[in-house]
Amino acid sequence: MAQFQQTIDMQTLQAAAGRNSLVNDLASRRVYDNAVEELNARSRRPKVHFSKAVSTEQTLIATNAYPEFEISFTHTQSAVHSLAGGLRSLELEYLMMQVPFGSLTYDIGGNFSAHLFKGRDYVHCCMPNLDVRDIARHEGHKEAIYSYVNRLKRQQRPVPEYQRAAFNNYAENPHFVHCDKPFQQCELTTAYGTDTYAVALHSIYDIPVEEFGSALLRKNVKTCFAAFHFHENMLLDCDTVTLDEIGATFQKSGDNLSFFFHNESTLNYTHSFSNIIKYVCKTFFPASQRFVYHKEFLVTRVNTWYCKFTRVDTFTLFRGVYHNNVDCEEFYKAMDDAWHYKKTLAMLNAERTIFKDNAALNFWFPKVRDMVIVPLFDASITTGRMSRREIMVNKDFVYTVLNHIKTYQAKALTYANVLSFVESIRSRVIINGVTARSEWDTDKAILGPLAMTFFLITKLGHVQDEIILKKFQKFDRTTNELIWTSLCDALMGVIPSVKETLVRGGFVKVAEQALEIKVPELYCTFADRLVLQYKKAEEFQSCDLSKPLEESEKYYNALSELSVLENLDSFDLEAFKTLCQQKNVDPDMAAKVVVAIMKSELTLPFKKPTEEEISESLKPGEGSCAEHKEVLSLQNDAPFPCVKNLVEGSVPAYGMCPKGGGFDKLDVDIADFHLKSVDAVKKGTMMSAVYTGSIKVQQMKNYIDYLSASLAATVSNLCKVLRDVHGVDPESQEKSGVWDVRRGRWLLKPNAKSHAWGVAEDANHKLVIVLLNWDDGKPVCDETWFRVAVSSDSLIYSDMGKLKTLTSCSPNGEPPEPNAKVILVDGVPGCGKTKEIIEKVNFSEDLILVPGKEASKMIIRRANQAGVIRADKDNVRTVDSFLMHPSRRVFKRLFIDEGLMLHTGCVNFLLLLSQCDVAYVYGDTKQIPFICRVANFPYPAHFAKLVADEKEVRRVTLRCPADVTYFLNKKYDGAVMCTSAVERSVKAEVVRGKGALNPITLPLEGKILTFTQADKFELLEKGYKDVNTVHEVQGETYEKTAIVRLTSTPLEIISSASPHVLVALTRHTTCCKYYTVVLDPMVNVISEMEKLSNFLLDMYRVEAGVQYQLQIDAVFRDSNLFVQTPKSGDWRDMQFYYDALLPGNSTILNEFDAVTMNLRDISLNVKDCRIDFSKSVQLPKEQPIFLKPKIRTAAEMPRTAGLLENLVAMIKRNMNAPDLTGTIDIEDTASLVVEKFWDSYVDKEFSGTNEMTMTRESFSRWLSKQESSTVGQLADFNFVDLPAVDEYKHMIKSQPKQKLDLSIQDEYPALQTIVYHSKKINAIFGPMFSELTRMLLERIDSSKFLFYTRKTPAQIEDFFSDLDSTQAMEILELDISKYDKSQNEFHCAVEYKIWEKLGIDEWLAEVWKQGHRKTTLKDYTAGVKTCLWYQRKSGDVTTFIGNTIIIAACLSSMIPMDKVIKAAFCGDDSLIYIPKGLDLPDIQAGANLMWNFEAKLFRKKYGYFCGRYVIHHDRGAIVYYDPLKLISKLGCKHIRDVVHLEELRESLCDVASNLNNCAYFSQLDEAVAEVHKTAVGGSFAFCSIIKYLSDKRLFRDLFFV
């Protein structure tokens, strides 16, 4: 023990000496934590903007004086007395901090504009015009308001939300905001008994003290906070007092006290000195016989004194403090009234029960320390009179001078010598023989009178010294003494000493007193007395805490309820409390719902279980659930009348179904759908507004709702087709079709026949669902029908039949919970699941269910291959067949193959309908799960998990080779083994563009697989056979597979963790080859498998012996600072930079690619079109000569329009449109998307719908933007009839667009196309959509969202300049390929609904809509004519704004825009800044299924928008034009001559102006490296760009002939 104690003592000593590193680290960590806490606390302080230009010392004064605020010094405004003026805002904010927020407050003499800017709608300013200066000051306040409003109007920004209530109050009731009466006469009234507050900032000087208390009481002011300038020296009877910190002066003349700022010419303010002294020295301010306002000082800051006046009820004084005493005033009054009575009677009348209080106020004068009061004398030449005054001078200075000049001889003691010495010692002193600056800073103006006083005092001192010496040397009397002696003897001692008495009484002034030097007192005490007469006693009122205590009890109970949650730490209790208060929700009820949701006992179908969503769901609403008929709403935040209408404190045991929900009876036959109104199917089909019950029951309800939503979406789309089709189009082959019953022909021809059902329009234009029969390829229709619509989704009764069955077995909307035991068999790919099912099943009593027909036929064939018929269509069925026509048999066991690809509710219904005892669900947890195909339908994560009683695993694959088994081991728990003898089976090949893939030059061996439907259709059009997507072949086995990727844009489903990659690599048994146009994660996976050694591959075979585990570790920052970019470098620096970022592009010899394409044979996959081959031969033209660039890039020569060029461009830009969309109810979903768009982007003030009015001015605005040639084409247009709106002209741009990637090395880039209307159509619709665009942009919240239309680069930079770099945020970019041609009927519906909300004319809107539905393209140059459905036309009047609207609507439907910091949209470009950690949905899946976009979401550190890098930093943001794009333009090959070259230079100078600022080149390098992985530091190249752009001669050297 002794040794142990000794060790402890040694360690303690080492820690104390700082030699213990662990203790030092702990101490450093503690200091760091304390610093972080302090900085966080400081950042939460109120922020004050200090715009006045002040010095560094004054900045420290303001910061140290007001630590409560975080002061931002911008130094943007130079003004008189800038420090005092800037402190005014701090003083006002400090006073308002003392007032409870929202309480009615009187600002005595206040500035109402300051309160408006702060959004305080509860402040009334009493602003009397006591002189002309007050009127001018108040006009300045109004000017500030006008300037602010005009600035907002100029910037097209609305009044901010926090200011809106105050500005509305000022606009509607200005008399509440301010009045022109003094505070004592203010006429604003409040509710009786309501306490108010008051603040007085430098305004109580002008209120008489006698009126102040009564004025406060008249307004029922509880507390008044005041601030005023003062200085203690004013109590010393000084005529002038200087306030050094703010540079001001008080000057007293009689009772007038003047205040002014020195060192500048400003106004002078005059007040009553006696009135101010009373405010300073008094403590009690009587208001009535009952109430008194008690004053106490709070703090003194920068020459400003703060005090507080508190209303005191004297009736609450303790009775014992009163005493019977004589009130002096009453005594004198009684004596006057009754002088003839006795004194005793007068005393009795004056006796009262009174209370006396005495308050003493001490003032400390710190500047009088070491000071003395010295008299000064002035004489008048005219009158001969002498005046005397006093000043304070440094004590040490005075006695140093007096002691020195007392040493002068009588001849040397002259006034001139004294003045000379005083002047010299004031300016310098000699210390150790060295001259130094004097420490006494005495005013030079008083040195003359002060020297005279010193001279007189010294003279008097010499006389006194002589008298003393004579007293000691001679004992005789002087003549003066003899006179006094004679006078005293004559008076004979009546007064002991007449001389002393006369002097003491002031009748006689002696020299000693006139020249006396006095020492001032450091403290001065002022007493204030209060006398109260006893009138009444009342009890002191206590604070009412019952309400907050009751609320605390509720939240305590709610916390107790929430304590059962496992992850309570991650639950934001503070947010829960705040939202319950905002939504007016009972916390206990909300807590019960939270627990139920977290335990999966309750589910809000269309909401996430967050604090905000739960509070919103529980918010009290009007009416009951039965009143809400339209419950199904396809959006993520659809409002549900759910738990908020339940009985308080209880959770229901069953789901609530609104009126009209479900079907009228349980046993519904499919025939009941015939002639059923479409509204009955589209509305009210939700099983439950709130999912309750066990998790299995909730999954089953969700599955029924999923079928209902799918059917409703299909019916809605058929209704839309009926409304949209007007003309005849017998040549079309689309998914939808419309049959004209009366004419007996197809108005819109479908690509399939024999549909099971459709939607019919009868003679009354009523839409009903009809079941169809067919005769010779034509539907058999009732004669009362007008038209019938069908689609590919109505080919079979699938959804109807399943709904019939499932609703029949769900009485009262509550499906019974299945009791079967569920065994989940989780097997790796190829583990023999199907083989195991066939071996284990007893076909006489068991049932096998599979997803598709081919799988059921395969199982029947394999089970019966021995010759004995065991399997048939009764015991081996598809899931859809069984759900539509369930068997009446009772099965003992159920086997479901690929059960994890099914909706979990579907699996539970299969268990229920089969009535089995045990169910074996075979699947793979790592492969592709069930994918919800109905856009925006909720399928929560806890619903996707199958509830199983047992789980078995199969980890031996019979299909996969050894190299794939290695890949599987990284995906599954436990060791995965294989039985295959094949060791190496996978290869990857990067092809040089999708054009390299065709059946002739590159035949693909085995089953062809793709990841997307677009790639699948493109391969089929190229001529390949037997092509499927990976999702379609899950569960299948092939000997050889060929996986193809044609999409060059990033795909989220192709990643190392994607289940699609797992399925794709596990379909083969011997060989798999991956063909891709880009390097992607799957290439890396295959490359890793190819590098494996045979030793490692042997480990994964079942026959392998001892297994060896090898482990291999992987080896492997509001205004911009400006620094001028040096103009240095050479053009070769730009070449090097280009080659580093795009290696290989500069070596491409593409000058004759166009010639080669026209001369050689070519194979094109062309959609239906008409071609005039007479245009295939181009007329010979003289080729122009272009300048050649020194910088080698991938730029191409201009091309000549012709049949092949135009046709290739048309195929690339307009044909082969992707079709990725799932099942969407176009009309309803479009309405929801538009509402979300409106809520997200449009300012609430302009959220209503207006009627658009076309005026002459709007047409003139459009006409002024048109070229003269365009106006000339309209000269012969009579505007009587419309040209064909559905006919477009087609042309190409001659210059190919340069891509900043490596695709030029493998592809022949197609030209950009222009699809445009005639000028006559543009003249009609152009002004209309220009006006609609203007109306829309006016409504956009421009402070948060940027719609990049007619904006300059400087405006982009200004928009992003207020980004806070200290805030943790993420930057999102949505990259969409094939943007224009991906837009289909849904996109058009969204755009039209937005125009409708802006008030577009209905007739013109319908014409425009029909003109964009089915359109005809004619290319007269190439002789090509084709037909397109929908798509965005590149030369339309709505092309740019329409594309911008669509990308904004797309993102608002998937991203919570209310949480977005900044967002910008331009065409297909988008840039979004969101807080870091925000929970986002699957953007890529939403873009595919709902918006038909091939999209990829990038998360970056810096934004990239419209070819510019947005670099945000701690001072704002700077926008750099893409330097790589700039260098690419310097390598262009279409420059005609020197004039054209100079035009190019000027345009590049405009866009690249910010490259002149090199302060943020390091951040620019980081941003470029995010896009181009091979990027190097580019400062040298940027300097070279600026050098050549800024010099005409050097720029010309970049090109040669």
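The count begins at 1 with the first shown residue.
Note: Cβ is positioned from N, Cα and C throughout, glycine not excepted.
Database features (Swiss-Prot):
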{"type": "REGION", "residues": "50-436", "note": "region 'Methyltransferase'"}
{"type": "DOMAIN", "residues": "72-280", "note": "domain 'Alphavirus-like MT'"}
{"type": "DOMAIN", "residues": "795-954", "note": "domain '(+)RNA virus helicase ATP-binding'"}
{"type": "REGION", "residues": "823-1076", "note": "region 'Helicase'"}
{"type": "BINDING", "residues": "Gly827, Val828, Pro829, Gly830, Cys831, Gly832, Lys833, Thr834", "note": "ATP binding site"}
{"type": "DOMAIN", "residues": "955-1107", "note": "domain '(+)RNA virus helicase C-terminal'"}
{"type": "DOMAIN", "residues": "1369-1482", "note": "domain 'RdRp catalytic'"}
**OP:** Could you name the residues, excluding Gly827, Val828, Pro829, Gly830, Cys831, Gly832, Lys833, Thr834, of the same chain that surround the ATP site, i.e. Cβ within 8 Å of the Cβ centre of those residues, in sequence order?
**Re:** Asp924, Arg954, Thr957, Leu958, Arg959
Original post:
Which site among Gly827, Gly830 has the most other CB atoms no more than 10 Å from its CB, taking these as binding-site residues?
Top reply: Gly830
Subject >> Residue among binding-site residues Pro829, Gly832 with least C-beta crowding, 10 angstrom cut-off >> reply: Gly832
Original post:
Using DSSP and three states only, what is Val828 (ATP binding site)?
Top reply: coil
**OP:** Among the binding-site residues listed here (Val828, Cys831), identify the one with the smallest other-Cβ count within 10 Å.
**Re:** Cys831
**OP:** State the count of C-beta atoms found within 10 angstroms of the C-beta of Thr834 (ATP binding site), not counting that atom itself.
**Re:** 20
**OP:** Mind giving me a neighbour count for Lys833 (ATP binding site)? Other Cβ atoms within 10 Å of its Cβ, every protein chain shown.
**Re:** 22
Subject >> Residue distribution over DSSP helix, strand and coil in the domain 'RdRp catalytic' (1369-1482) >> reply: 39 helix, 33 strand, 42 coil
**OP:** Give, as a single whole number between 0 and 100, the mean pLDDT over the region 'Methyltransferase' (50-436).
**Re:** 81
**OP:** May I ask you to report the DSSP-based helix, strand or coil state of Thr834 (ATP binding site)?
**Re:** helix
